[in-house]
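Trainee: Let me begin by handing over the structure; questions about it come next.
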Amino acid sequence: MTSYFPWLTIIVVLPIFAASSIFFLPHKGNKVFRWYTTCICLTELLLTTYVFCYHFQLDDQLIQLEEDLKCINIFDFHWRLGIDGLSIGPILLTGFITTLATLAAWPVTRNSRLFYLLMLVMYSGQIGLFSSRDLLLFFIMWELELIPVYLLLSMWGGKKRLYSATKFILYTAGGSVFLLIGVLGMGLYGSNEPTLDFERLANQSYPVALEIIFYFGFLIAYAVKSPIIPLHTWLPDTHGEAHYSTCMLLAGILLKMGAYGLIRINMELLPHAHSLFSPWLVIVGTIQIIYAASTSFGQRNLKKRIACSSVSHMGFIIIGIGSITDTGLNGAILQILSHGFIGAALFFLSGTSCDRIRFVYLDEMGGISLPMPKIFTMFSSFSMASLALPGMSGFVAELVVFLGIITSPKYLLMPKILITFVMAIGMILTPIYLLSMSRQMFYGYKLFNVPNSFFVDSGPRELFVSICIFLPVIGIGIYPDCVFSLSVDKIEGILSNYFHR
């Protein structure tokens with residue numbers, strides 16, 4: 001369905017246009033840049049919500065609000081945008097988390113004009129990726145993330161920020177090489193006229209060997225970004241050094257771009273190769289849950305421990321994608337949204353806590369539950385959500401992924417039993433390291449022995465950010481159909497095309 005008004009173009013271009021306009025603002029302190037960026041993000045979120053509420057039809061699994069503008073004649077490159085039930089959830093998540101991340105970044109005072117400019121550029125790249133319907137445009141939006149994240153890390157990070165930023169750019173740029181090769185290979189294959197249109201590529205058939213090569217190239221790029229072991233080692237270092245508002249964007253949105261690409265391109269455009277790779281995805285996802293949960297115990301740095309838990313939770317998404325069932329795939333999408341909220345909240349609360357107590361290592365913390373009861377309450381609540389407490393979004397997402405792999409007709413009974421058993425062990429390890437982390441932070445009397453120690457509890461701004469994230473976590477946990485209703489028709493379409501192609 002083609003849109004006569006360029007709603008998606010406005011949504012994609014507005015943040016980057018506002019970012020370029022930030023240079024014309026008068027420099028009258030950081031307050032001007034804070035309010036300007038927050039208002040732009042809030043306007044973008046409200047505009048996105050309006051467009052989806054009044055111009056998007058849930059019962060239509062076809063691409064909606066489609067826009068098509070030819071940009072380069074030689075290579076058939078189009079500014080081609082469109083959304084469906086698969087992309088609407090990540091787009092709303094992006095707007096929600098980015099708006100709250102700008103509020104979380106208010107304590108940033110050094111070169112705040114550039115800081116907020118980079119956040120707005122990231123915003124455009126993320127929205128553009130989730131709404132792109134052209135393979136080269138997808139790659140451009142994918143790359144648009146790299147430079148802002150690198151600068152946010154290298155300029156506003158911790159003591160080892162340059163090492164972490166360099167490691168991040170090397171990993172992600174290396175993965176992007178494989179992504180570019182796959183994009184060019186699929187676009188140029190088998191036709192005198194190259195095509196990068198998702199719709200035409202979905203009907204393209206390839207020799208099995210070539211499809212496997214394309215699939216593997218895309219998989220490497222997504223394995224770096226998601227991340228999937230063993231290409232995950234950049235993540236703990238990056239989260240350990242980044243400012244917590246940057247961590248919110250990384251954990252809430254950036255990691256989900258890889259999982260989205262795995263569904264949108266690998267599963268939708270390369271189904272035969274995905275059928276061959278799916279058992280390996282399930283195996284790697286299962287190992288990832290156990291491995292990341294186990295290594296989390298050895299992390300003394302608070303944010304690095306939460307980063308390892310993010311890697312562990314991404315394993316459920318990989319398993320859901322590899323299950324090749326509508327239940328498992330719905331669970332993977334629900335986990336994408338659920339962990340986007342929970343991961344962003346945990347990094348926000350850990351960052352605000354570390355700013356107050358001036359410690360980042362768990363063995364230096366202790367006894368802050370009494371002087372900071374609000375932070376203690378919110379952090380404990382999100383820890384419960386992360387360990388899949390019933391009534392919260394994490395529980396529903398992991399349960400649906402469990403059901404998806406158990407009911408998958410692709411796997412035999414014994415492998416399914418073994419996989420679910422190992423997943424259950426991972427779910428047992430999760431509360432162990434999360435509750436251990438909470439005990440080291442909030443209980444004991446270590447910090448009370450510090451002379452003249454005084455800690456300020458969460459203020460109105462931080463409490464507002466925490467509650468805003470907590471509400472959808474509870475809402476999805478109580479009524480998950482609000483997410484399933486967006487994606488269920490599209491997933492059925494992907495799987496029907498997948499099996500009958």
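Placed from the backbone N, Cα and C atoms, the Cβ positions cover glycine too.
These numbers come from a predicted model, not from an experiment.
Per Swiss-Prot, the features are:
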type	residues	note
TRANSMEM	5-25	transmembrane segment
TRANSMEM	38-58	transmembrane segment
TRANSMEM	88-108	transmembrane segment
TRANSMEM	114-131	transmembrane segment
TRANSMEM	135-155	transmembrane segment
TRANSMEM	168-188	transmembrane segment
TRANSMEM	209-229	transmembrane segment
TRANSMEM	243-263	transmembrane segment
TRANSMEM	273-293	transmembrane segment
TRANSMEM	306-326	transmembrane segment
TRANSMEM	331-351	transmembrane segment
TRANSMEM	464-484	transmembrane segment
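Show me how these features fit into the structure around them.
Mentor: Counting same-chain residues at least six beyond the ends of the transmembrane segment (5-25), those with a Cβ under 8 angstroms from any Cβ of the stretch are 32-33, 36-37, 40-41, 43-44, 47-48, 51, 55, 65, 67, 79, 81-83, 113, 116-118, 120-121, 123-124, 127-128, 131.
A Cβ distance under 8 Å defines the sequence-distant neighbours of the transmembrane segment (88-108), meaning residues of its chain 6+ beyond its ends; these are 30, 34, 37-38, 41-42, 44-45, 48-49, 52, 56, 115-116, 119, 122-123, 126-127, 130-131, 156, 243-246, 248-249, 252-253, 256, 260, 333, 336-337, 340-341, 344, 348, 351-352, 355, 461-462, 464-465, 468-469, 472, 483, 486-487.
If one looks beyond the transmembrane segment (135-155) by at least 6 residues along the same chain, the residues whose Cβ comes under 8 Å of a Cβ in the stretch are 75, 77-81, 111, 114-115, 118-119, 121-122, 124-126, 128-129, 161-162, 164-165, 168-169, 172-173, 176, 179-180, 183, 186-187, 196-198, 201, 221, 238, 241-243, 246, 249-250, 254, 257, 261, 265.
Long-range contacts of the transmembrane segment (168-188) within its own chain (CB-CB distance under 8 A, at least 6 residues past either end) are made by residues 75-76, 135-136, 138-139, 142-143, 146, 149-150, 153, 194-196, 201, 204, 210, 213-214, 217-218, 220-225, 231, 233-234, 237-238, 269.
Nonlocal intrachain contacts for the transmembrane segment (243-263), taken as residues 6+ away from its ends with a CB within less than 8 angstroms of a stretch CB, comprise 86-87, 90, 93-94, 97-98, 100-102, 104-105, 108, 119, 122, 126, 129-130, 138, 142, 145, 149, 152-153, 156-157, 218-219, 221-228, 235, 303, 306-307, 310, 314, 317-318, 321, 329, 332-333, 336, 339-341, 343-344, 346-348, 350-352, 354-355, 494.
For the transmembrane segment (273-293), the residues of the chain that approach it from at least six positions outside its boundaries are 208, 211-212, 214-216, 219, 228-229, 232, 266-267, 308-309, 311-312, 314-319, 321-324, 405, 410-411, 419, 422-423, 425-427, 429-430, 433, 498, judged by C-beta separation under 8 angstroms.
For the transmembrane segment (464-484), the residues of the chain that approach it from at least six positions outside its boundaries are 89, 96, 100, 103-104, 330, 333-334, 337-338, 341-342, 344-345, 348-349, 378, 381-382, 385, 390-397, 400, 458, judged by C-beta separation under 8 angstroms.
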Trainee: Given a Cβ distance threshold of under 8 angstroms, which distant residues of the chain, six or more beyond its ends, lie next to the transmembrane segment (114-131)?
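Mentor: Distant Cβ neighbours of the transmembrane segment (114-131) are 8, 11-16, 18-19, 22-23, 33-34, 36-37, 40-41, 44, 48, 81-83, 87, 90-91, 94-95, 98, 101-102, 105, 108, 137-138, 140-142, 144-145, 148-149, 151-152, 155-156, 245, 249, 253-254, 257, 260.
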Trainee: What residues in the same chain, six or more past the boundaries of the transmembrane segment (331-351), come closer than 8 Å to it by Cβ-Cβ distance?
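Mentor: Sequence-remote neighbours of the transmembrane segment (331-351) are 86, 89-90, 93, 97, 100-101, 104, 239, 243-245, 247-253, 255-256, 259-260, 263, 302-303, 306, 309-310, 313-314, 316-321, 375, 378-379, 382-383, 385-386, 393-394, 396-404, 462, 465-466, 469-470, 472-473, 476, 480, 483-484, 487, 491.
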